[in-house]
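Annotation comment: TrEMBL describes B:107, B:108, B:109, B:137, B:151, B:155, B:301, B:305, B:306 as L-histidine binding site. TrEMBL lists B:1-388 with the feature domain 'Aminoacyl-transfer RNA synthetases class-II family profile'.
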């Protein structure tokens, strides 16, 4: 073992105690809201069989899946076959079962669909589950984009009721209200409207190319989108028809009215408008104003499995991309052999929410769930006196420690300070003689001599 | 997308709502004890650079590390080099940076050491951290052994005080007491004693081979261990000297006395005895009896980084291997360029603890953190009446749902039953007229007509 200068893989992070306290604040807030809305927890393995993942996220997504090398290849008998498969994999994406059969999950939705299909006979539908776990993407790391990051998902499957979309809108508002992120835009669109547009502009069946291009509007601007569409064989006539749609102005209601006219000849497009209107109505009955939800017909979202509503949340005033997103998928379990199960879900990007809260200074006064009292002492005798007291403190459910070494008192107090310990209990010869401890409040500096029972009464 | 019959990788598991509730019971119990003893949370990335992991777990451990294939190999320019490295990797374990530079963590201790070294200037020592995350091992799956499983670790680094060992003993007892696993054996040994034994039997410096063999005593029996030692060039004279040691009888105190005689000529061995005696003394001062800790000189533990105390916990009456284990390591951060940081830790195997509790029926009466009340209705009108009530219930922090579709009441009640919902609130024409809801207790069957304010008062 030679000396190494250690590092962590790019795009990944360590979370020390202070960051954990903040992250746990976000997790527990989201978890509380999910539970209040009737969702129950699920966890799936970090690894999925590659066949479960590929083909679900579009070509671009497939490239970003982290694959796990099969173990003990050096023990295999079919080495020539392995070599041939490896060489083949160097031409396209390596995908041979005998080299790699498992991959890290890319999101929580596909594993959820896989779970639903495998457990369809035990599940009570509609099934409302939440799932809070990391996902991995071999993306280029940058601000707000990590290779390992947590998603917090809530999905309802087994019903196509638009009430579910409305409940998701409410839930998004509740989460961000509790986190005090007040300035955000929750956008909604519907894949059927995007389909309708492709019909209207004479490119029916080209939804995927259309959505992939439109999805980049924020990043590459309208000119960039048009360039990409032209590359995908959208002719000038389609683009001419598309332009006024992309430039539509007005509030959600006005835009929905205008789109109803524009999509008059597309049954699919009109269905999309109708669905959004129904969601808006139910959101109103649930007590939110119409401004709580913004219709944005350029919202597309890259994932190929959405078929109805799509959602996206952006924090206003922070350059970080979307902090939450989701939508309805009608066919996700179909690919696993269970057709006819419609679902809708929302995903909160905890890592970006963290960055937003950090930037806007929204975390509550830091409170590590730290030690309440640290027992300090001068010598072995002090330690011996302290140990039974420590046991009593803990028996009373008080978070407590004793400094592990005989050390200078200053060092022990420094330790307490840096760890944000509230009280120290100093044990000297006098205290031992009196059967007491000198308890000092590390914030106020107040000090008093107390018996263990008095300490417990004070700290409980 | 053709239809697939989905499955999950062997050795991995899904955890649905009921299992999650039980697992969370274990996690939160352990977390509470860790916090009470002054440990703070840390999380590290799932992936580590391979160089961080290899060489820390012995040869057998290295084989079990899951490696991640570098992404976009098909875009690489150096394809001939890639092929050559792959061919080389088929002779030994694939370890070439250009093929795979990241791996899934194998335990939580090595990533922790890596974290300590990278953050040594910000950390306050002694540093007490806990970490609850999954680890991955390419082991052959079997009962109680999974390829993905959670570890719950607590470690103290930056002190060699034996008080830390004693605190760990207390913590183990506290965790299992709270989980009601009363019948367990907590065994302690010391690597210095094992070193001493190798000296005494004329095989100094052969600790690793000796520990690896002894560690299998439970699995392969004394004959198996001797066979393995002979294969590792332990001669008959050494084995003759070893046999009476392996057959030592008596309680911990008697065995420690006997070993003191046997190891009289080994300074290292005697140091090991002295350390165990000191731990026993401090454990006593902390209020546990001597039977809370059993000296077992055949306890070795496979991991190569232990240098002092080693611990292992087995549930008695359940065939499942160890459910907790740990020890002291003096040199773990040394390999990363930071010598002189001694640490000691304990790891709880949640997955095995789960299996033990399941087998012994130790989980408390199941309580999914489920919905308190489900609103049911007969038609659109009922839903419209229900939505504002739902918002009021949730504003009062009551976990509540409304059935998403207009459906037969029986179907809605079935849903409530299966999800262990406590109350249903039925909304019919009469209720709407009276501005009330017919609230039914799903356990007792009692029913009463209540206003929303009355419902909130009742359920809060």
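Glycine is no exception: its Cβ is also placed from the backbone N, Cα and C atoms.
TrEMBL entries are annotated by machine, without manual review.
Feature annotations (TrEMBL) mapped to structure.
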residue	record	DSSP (3 states)
B:107	L-histidine binding site	coil
B:151	L-histidine binding site	strand
B:301	L-histidine binding site	coil
B:306	L-histidine binding site	coil
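The highest number of surrounding Cβ atoms within 10 Å, among the binding-site residues B:109, B:151, is found at B:109. Taking the domain 'Aminoacyl-transfer RNA synthetases class-II family profile' (B:1-388) as a whole, pLDDT averages 92 in the prediction.
The number of other Cβ atoms within 10 Å of the Cβ belonging to residue B:306 (L-histidine binding site), over all protein chains shown, comes to 27.
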